[in-house]
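Data block below; observations after.
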């Protein structure tokens with residue numbers, strides 16, 4: 001037993017190698033794309049995400065939701081390409097770290113390289129965050145999860161899925177903030193003065209992030225407006241009149257009491273005593289939720305996002 005314990009105990013050289021690996025993993029990556037390119041990529045990727053949210057269309061006459069298949073396909077392709085790029089970025093950084101480490105610590109075996117890769121994975125937060133950012137959560141939500149919803153059981157399930165979609169924006173938006181904060185000052189100093197770099201460059205970056213946030217904020221307003229209507233249908237179905245129709249199936253032949261849903265979910269005119277739609281009432285009354293006019297929806301939601309983000313910043 002003593003011999004076995006001694007064999008399992010790492011030697012001083014192994015401990016030294018482990019320390020070298022930990023020190024290496026805590027450094028900044030040796031293989032790194034240009035910061036400006038990464039920032040532009042992340043901004044473009046996040047700006048394309050809302051396309052999938054806009055693919056939902058409310059059919060108020062039949063009390064159901066349909067998916068704009070053309071816009072949905074475009075959104076899925078673009079989002080999938082962005083996810084593949086995230087994965088490519090991960091592979092690029094890990095392979096670059098491994099090659100650089102092989103030079104610093106010669107004589108590494110294949111098992112050592114695997115162990116090093118896992119160490120780098122644990123020590124460098126950006127890698128697991130990038131993996132979380134690449135998960136196809138919105139695609140699964142809109143194409144798989146939401147179509148199975150029935151009106152009477154929609155509310156709690158939607159809230160769970162909404163939490164997952166919103167949480168995924170943390171690893172998708174954080175790299176933008178991180179890389180904007182850590183822009184290579186030497187590159188900027190080659191083109192502008194130190195005063196300009198400290199004044200208008202942060203202002204320009206903040207303006208770009210404000211526009212991006214308004215775009216995303218407005219898209220979620222659109223998305224949650226449809227869900228608020230679905231939520232009202234769910235409460236109406238729980239009133240004892242029994243409607244078990246599938247929300248995402250307008251041809252569903254099961255019970256769909258349109259008169260009941262109109263009475264208990266009044267929009268034009270609204271009645272807050274019956275059901276309060278809150279900040280989503282304007283979206284419902286505007287008719288854009290049932291429109292296939294994509295530019296109109298984007299502009300209207302973007303303007304709403306700009307106004308309300310400005311209000312939040314002032315307050």
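Numbering starts at 1 and runs along the chain as it is shown here.
For all residues, glycine too, the Cβ spot is worked out from N, Cα and C.
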Annotated range (TrEMBL: transmembrane segment) out of 37-59, 60-82: 37-59
For the transmembrane segment (37-59), sequence-distant contacts whose Cβ falls under 8 Å of one of its Cβ atoms, 6 or more beyond its ends: 65-68, 71-72, 74-76, 78-79, 82, 85-86, 89, 138-139, 142, 169, 172-173, 175-176, 179-180, 183, 208, 212, 215-216, 218-220, 222-223, 226, 229, 250, 289-292, 294, 297-298, 301
Chain residues outside the transmembrane segment (127-149) and at least six past its termini with a C-beta under 8 angstroms from it: 49, 52-53, 55-56, 65, 67, 72, 76, 79-80, 83-84, 86-87, 89-90, 93-94, 120-121, 157-158, 161, 164-165, 168, 171-172, 174-175, 230, 246-249
